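Have a look at the structure below, then the notes.
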């Protein structure tokens, strides 16, 4: 962060991207905890000067929101970012480090008290509401009752816009009451999330506060000035591979991501409109965008806080968040003061009710409300008309209730709210937690951890589902009627299962009999209920670390054989660990749902390398193996496809629990998979290094599957050839000593994939596909039916013109990845089984968790590379040995025929002879070579080479070596007629 600019650097290539906002804050480090627990800037830290504390954020942002509220402007504060990136810290805060919302609430109540003390006769009212949008359903978080099927209806008012019909809007008189209401709402949200392990990062929360000021205006009229303050905690910008669900027939079935994607479309359209484009804004496409219409494009002053993580493993999510915020900042809204005489408001409500009654009675034509910017089709208009009657009835009831509320004093409404509120206040619960042992929930969203508190108030506490009469009732997959018992004996606690084969875990290990409970023990009931045991009287409590959901998951993963340590991890390894921890509970939950609905399907976690997926590069990923327990057919689902199906399974299970029609036809069933779907049987990596030396490759290579297991053999040939595909042989002598010799020349080779042998028998329609170099379209063979030994006899000529350094590097260091695909044969007969018994039997055989493999079992992906490199080196060595043998034979012949000198041209011909026969023909020419010069010359030449003094026979005196060398050089240069060089033998 530099001033208002945020700079993000791609860890893969150090590419920088800059984004400019109104404010850019750094709060990752550079702080120091003060004596009272407040985190302020640390002058001694390198980032101390740029550290932004909570007070500064409130001064820059919160003071403006407060001013807007007093002046009667609607204000919306968006919080967006990846889960765990610090949204809660900035918006809510912790302890004394209060965020924007608590400080705003404190200041507004402080302002009210000051005005009352000053003698102002203005009446002040504050109303509070809290709702959640999950899977396109709106839920009132202040209603502890199970939500209505389909959630609250989102309706439209001609003046107020869209609203959630039936949402509780309760009066509050102090910040402590707001705190209690927020805790109540968060607890209700946590219960729902925990029951189904619904990922909170996919849910949006809207906290609404209406600030009303009633006073007598200059004309003597009672006037109402109101301001609606919305805090919108948007779903996280989580890492998601959009290609993961590509091809899934049910990818559009879940509405889980609809709100966020629609919000993105709305923001984009509004930004275009702000830039002068005439664009339709699709507010009606989701519940979220309907409810936020005023905040985004209407009567509101709007602020967005985008929280980003500085960790390199979160680069993609952080970049996504910054782009989202950058688009949002271009939107322009027009806010106006909400001030009207009270009598006018009541009169307008009465007039509207009379009009609605007339419309319902058929006396007046129904009006279809649409926005000025909407261009609705006839079909959409007809649909809206159908909804009108229900809409009008609801508005009649709402208006009547609103008029009734207007006639009550704020104090009367406050008293009613306190009367119906019930429950314990937050302060009472906190005090009780200091004295009594309890179970505290763990949630993958840190915001939702610790909000469910189950006190152990008896020596024996029973735990089970709602069908029984247990002391603690839990909901969720695999929770049975009598699930577990917690006992206390003389201050010592223990836990044991109430029935055999229930899902009960302590610290990552299955509990099968009575087990001691210690402080901070992690307990899992079923597959979605995660708790930590807390005993405030335990002596070890003082020094115990804080337990979170990730720690509980890591210990399960570790006991299952996965490496989830954090030390010395690369970015890709850290992402893999994150995926394992996220998907393990999801896989267990889907297995539980499959058991309870008896869907005959089992899910297993898989750790799959890029090579095992048939890709040349990429990080190791977590995938899910899906097995039909009756037919033994299996499929491999990418992470995104599995998560998409999981949400649909949860919805199906929820319908089952509520007694609704839950089973679906095969084409809509998330458990169902197509037997005709293509299956990736395995892959082979063919290294190309031999081709860089123009040496052919003829190998039988192992085909390996997702788990790195050998599932067959592939017969392949890669042979250098000319442009038309004529294969080179040894006679063509195209071997090169270095790949650099190919630079600037054409490189051509034939790819032959002849056959596969010993493939698994359950596949048919088997074919292969592969890419070469920069290709983006696969080359495929014809499918072969009903054999485990398909003969494709596939042949393809690959041509490259003028090889450059990049191509030569590809040939020297890279490979062709051949993928083998097929279809599973349909089942002949189905073996009738019970899902729960089958999964239990498999778990007893393999272990307690559903894992097809782990990231500690690493397939040796370099095995084939080394094998092919050795084969290539052997061929190179044989060729070099043949050349050396020919040169040795040349030396022998030269000695036999007393040859002192041989022309370079003949030596070249012998060295480069492509075959033994051609070398022999050249060697026969050695005896025909003419010696150049006389014996005296030879003596001088030998002296020069050996460095000895020899007598000058002509002159009768000694010469020196330098003189002989000079003589040799001049003579050899003068007498060599067949070549400009001579070789000394």
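Placement of Cβ uses the backbone N, Cα and C atoms for every residue, glycine included.
What TrEMBL says about this one:
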type     : residues                       : note
BINDING  : 81, 82, 83, 84, 85, 86, 87, 88 : ATP binding site
COILED   : 381-420                        : coiled coil
COILED   : 870-897                        : coiled coil
COMPBIAS : 958-985                        : compositional bias 'Low complexity'
DOMAIN   : 461-516                        : domain 'FHA'
DOMAIN   : 730-853                        : domain 'C2'
DSSP residue counts for the domain 'FHA' (461-516), split into helix, strand and coil: 0 helix, 25 strand, 31 coil
CB within-chain contacts under 8 A for residue 84 (ATP binding site), separation at least 6: 309, 446
Residues satisfying Cβ distance under 8 Å from residue 87 (ATP binding site), sequence separation of at least 6: 79, 80, 81, 233, 305, 307
Greatest C-beta neighbour count within 10 angstroms, which of the binding-site residues 81, 86: 81
Counts by DSSP class (helix H/G/I, strand E/B, coil) across the domain 'C2' (730-853): 28 helix, 43 strand, 53 coil
Fewest Cβ neighbours within 10 Å, where candidates are the binding-site residues 82, 83, 85, 88: 88
